[in-house]
Amino acid sequence: MGPIWPSYFIDCTSVIFMVDSANITQVSSSCIQLLSVLAAEPLQTASVLVLFNKRDLPCTMSLGEMKSLFRMDDIIASAPQSITTLELSARSGEGLQEVLTWLDSTQPD
């Protein structure tokens, strides 16, 4: 789906980028996709939420481990966008309130 994403970037003010934190083999490609999203010209002023999903599974890495693998501190420091990272379990809903709070805070007044 990544190749068609740019057709949806026009007039986008917020981006939610979800990562499967239980699938270590996809970390590199997920990071590359995130960097391409952050580099897209129409998204230079968008607020970005990076969600590390599947926190309910026993094989999931911690948020700290995922942020380290993604080098999130370096990405946040160099990206023009405001970037927030959160953990989530889409299955159980754990972390969903934080996502909704983030969405509410990014909406224009």
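Heads up, the Cβ atoms here are built off N, Cα and C, so glycines get one too.
Remember, TrEMBL labels are computer predictions, not curated facts.
The following features are taken from TrEMBL:
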type    : residues                   : note
BINDING : Asn53, Lys54, Arg55, Asp56 : GTP binding site
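Features recorded in TrEMBL, as mapped to the structure shown.
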residue: Asn53; record: GTP binding site; Cβ neighbours (10 Å): 20
residue: Lys54; record: GTP binding site; Cβ neighbours (10 Å): 20
residue: Arg55; record: GTP binding site; Cβ neighbours (10 Å): 22
residue: Asp56; record: GTP binding site; Cβ neighbours (10 Å): 16
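Taking the centroid of the Cβ atoms of Asn53, Lys54, Arg55, Asp56 as the GTP site, the other same-chain residues with Cβ within 8 Å of it are Ser21, Ala22, Phe52, Leu57, Thr60, Glu87, Leu88, Ser89, Ala90, Arg91, Ser92, Glu94.
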